[in-house]
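The annotation compositional bias 'Polar residues' is assigned in TrEMBL to 80-96. Positions annotated as compositional bias 'Basic and acidic residues' by TrEMBL: 259-278. According to TrEMBL, the feature domain 'GTP cyclohydrolase II' maps to 104-250. Per TrEMBL, the feature region 'Disordered' maps to 80-105, 257-280.
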Amino acid sequence: MARTRIPTPHGPAFLHLYHNNKDNKEHLAIVVDPAQFEDTGNSPATAIRSQSLDSIWDENETEMDRIIRGAYVGRLSNLHQKASTSTAPSQSSNDPSGPDGLPAPLIRIHSECFTGETIGSMRCDCGEQLDEAIRQISKPITLNPTSSPRTIPGRGAVIYLRQEGRGIGLLSKIRAYNLQDMGHDTVTANLMLGHKADERGYEIAGAILRDLGLGSEGASCSEGVRILTNNPDKVEALKKEGIQIVDRVPMVPRSWQSRKMEAEKSEIQGDAGTERTSEPAGITLIGGKSVYGDDLDKYLRTKVLRMGHMLPLWLGDVAEM
């Protein structure tokens, strides 16, 4: 329905807002693709564009109508206002990893989390994961590292689904928190409220990826994608939607990474090695920081031990859990 440029601490992104015929929610795609700023076709990567947005909606629509909803090319300014065309997108190469050693775009399927993203709750790692996903997707890509290396901007997308609390909604999620305070983990709390452990669906995510030309046969941008996730259910769900996954990239919690590094420094340097340095800026209330807390640790352990997330437990001490 609309697309606009969003500056972030990790670089520019394009926010896409979608309507659908499955629910009444407005789902989103956060597209990281600096090639969007070019209208000359000089980028080695095919631009990640929405086919539905670039299509003709009405025979009477004006060029300004198209520009206002986001169907434009290059970067908008008072001097540059060029609407996109509705011509069929060029087909991608049969190589799902892309031409000239270009890796497949990196994506994440992320579910809305008001508590973790907006007020910085440390009962979950959702705010951190959203920031980390955009940071990793935005990292520069080195092409042909062994011969004539060159660097291009990172590219990919976060598909942001409005399915709070693993699909049970904010009201039930808040009630589940009270059950967790009484000693139940997040899975048991959901079940006690009459819900499934996870009620999310990924049909809309598949549709959005296809619209963006990502991960399906004959896709305009790439026939394969790399996915940032620890959750095997997401991988299987996207495969059922016809999305070709060429690689799974794990998301290790920042708190586990930083504590491991601090432990290693402490062994070598003593107490001086545990001093923490300032963290980079990031999105969400937690931003670029790593966060600590017993509630967060319990949540992460539950994801690994009860929900099958493909992530080694920090320091591997399952006995205490």
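Just so it is clear, glycine is given a Cβ too, placed from its N, Cα and C backbone atoms.
In the predicted model, the domain 'GTP cyclohydrolase II' (104-250) shows an average pLDDT of 93. Secondary structure of the domain 'GTP cyclohydrolase II' (104-250) per DSSP (helix as H, G, I; strand as E, B; remaining residues coil): 59 helix, 29 strand, 59 coil.
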